[in-house]
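Trainee: Mind having a look at this structure? Questions to follow.
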Amino acid sequence: MDNSAPGRDGRNIVVIGSSTGGPRTLETIFSQFPLVDAAIVIVQHMPHYINNSLCAHLAKTCLMEVKIGEDGEPVEHGTIYVAPSDVHLKLLGNRTIRLFDDEKIQYVRPSIDVAMTSLERHRGDRLVGVVLSGMGSDGAEGIRHIKSIGGTTLAQALRTCAIHAMPRAAFETGRVDQMLPPEGIREKIIRIAGIL
C-alpha cells in the first residue's frame, strides 16, 4: 500500500470490526488517541442501548469526535463513526454513509463484511481494515476485499483476544498484513493516517 500522503481529494478510511470482547479492545486502541487525518468507522456487534455508551467511553479517551453514523452523512477526517445497531452500513464512494435494513448476514446486523466490501479503490484514498475480538467469521471477506483493492489489513493478535474466532478467520484468508495487540493497532493506524 502506498503510504504517501493522499491526493488533494484523497481520503484515509479505517474500518474496524469487532464483536465479543470488542468494546474493551476499542477502549485500549483509542486510549489517548490523537486527532488523526482519517475517518474511522467502527462496526461493533451490539444491542442498540450499548451504542451511546460506547460512543461516550471512546469520546472520553481520545481527541477524535465520536458519533453514531447517520444515513446520508458524509464522512470527515478527525471523526469516529459507530455503526448503529440492527442496520447494515455501507460507505458510498468511500465518502458517504448509507444505512439499510436488509437480512442479517452470518446472523449479525450490522455486518463487518458489508461495511468493508463497500469500500472502493479510488486514486489517492488509503484504506485500512481491522478485525478485532469476536465470535464467528464476520470480517474475513471484508479483509480479503480490502487487500484486493490495495488497502492495509490488520487483525488483533490472538493471544490478546477475549474470543479469537474472528481474527483467526481473517488470518486464515492469507490476506492479513499484520496480527497486532491493541496498542500495536493504535500505533499502526496513527502511522498510516498521520496526525491532523
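Note: Cβ is positioned from N, Cα and C throughout, glycine not excepted.
Automated prediction, rather than curation, is the source of TrEMBL annotations.
Source: prediction; values computed, not measured.
Take a look at what TrEMBL says about it:
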- 6-190: domain 'CheB-type methylesterase' (DOMAIN)
- SER19: active site (ACT_SITE)
- HIS45: active site (ACT_SITE)
- ASP138: active site (ACT_SITE)
Trainee: In whole Å, how far does the CA atom of SER19 (active site) lie from that of HIS45 (active site)?
Mentor: 5
Trainee: Compute the C-alpha separation of ASP138 (active site) from HIS45 (active site), stating it in Å without decimals.
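Mentor: About 10 Å separate the Cα atoms of these two residues.
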